[in-house]
């Protein structure tokens with residue numbers, strides 16, 4: 001199904017933030033911080049995989065993803081959608097269906113030998129590939145998949161994350177010549193928390209302290225205090 005409606009960007013961000021709260025995908029624990037794949041300690045965590053269990057929400061989020069891409073990237077910019085193992089795979093399938101495109105998935109580790117050892121599915125040489133992940137912090141994990149696609153002969157100029165932490169900017173993507181698209185960020189989630197009084201004042205202050213200085217907060221709480229972006 002090709003997306004033909006284009007909701008306001010701010011409306012989409014707010015609605016996705018509300019959906020994440022509604023399905024209890026937002027978690028907070030400053031006493032025992034979450035360890036992100038980057039090695040950072042974080043008092044907050046988003047479980048975007050829960051979106052898959054709620055069909056109406058899942059469908060709406062994928063509609064938003066499709067409209068975001070067609071508005072900001074174009075209608076004929078991609079030949080294939082790639083999902084990263086594991087969380088990106090179902091979202092890649094859903095988005096490929098929305099856009100009427102083939103889908104592949106990228107393994108975390110090669111299986112066998114050769115240029116396509118990490119790629120499952122058919123990706124002709126020179127295919128313009130969009131890589132999708134459920135969420136990204138600084139882009140480290142997404143670029144492992146992007147690099148694998150490029151090594152196999154694909155062209156990757158765009159990536160999309162349904163949720164972007166948005167605490168380090170997009171330098172990694174700029175350096176890697178990839179335009180990152182996203183729908184919602186932690187600031188959107190925090191705005192909903194404030195409006196609906198979902199966090200008490202102490203919790204809000206702790207979350208804001210992390211968002212304002214994430215590496216300093218991480219270092220004080222057992223995580224890394226610098227990243228190689």
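Placement of Cβ uses the backbone N, Cα and C atoms for every residue, glycine included.
Here's what Swiss-Prot has on this protein:
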| type | residues | note |
| --- | --- | --- |
| BINDING | 107, 108, 111, 113, 133, 134, 135, 136, 137, 138, 139, 140, 141 | 5-phospho-alpha-D-ribose 1-diphosphate binding site |
| BINDING | 137 | orotate binding site |
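Non-local contacts of residue 133 (5-phospho-alpha-D-ribose 1-diphosphate binding site) by the CB criterion (under 8 A, 6+ apart in sequence, same chain) comprise 83, 84, 87, 88, 91, 141, 142, 145, 159, 160, 161, 162. Within the set 107, 108, 111, 113, 133, 134, 135, 136, 137, 138, 139, 140, 141 that the record links to 5-phospho-alpha-D-ribose 1-diphosphate, no two Cα atoms are more than 30 Å apart, and one pair reaches that distance. Residue 111 (5-phospho-alpha-D-ribose 1-diphosphate binding site) falls outside any helix or strand according to DSSP and counts as coil. Least packed by the Cβ count within 10 Å, out of the binding-site residues 107, 111, is 111.
Its Cβ taken as reference, residue 135 (5-phospho-alpha-D-ribose 1-diphosphate binding site) is surrounded by 22 other Cβ atoms within 10 Å in the chains shown.
Looking only at the binding-site residues 137, 141, the densest Cβ neighbourhood within 10 Å occurs at 137.
The Cβ of residue 139 (5-phospho-alpha-D-ribose 1-diphosphate binding site) has 27 neighbouring Cβ atoms from other residues within 10 Å, across all protein chains displayed.
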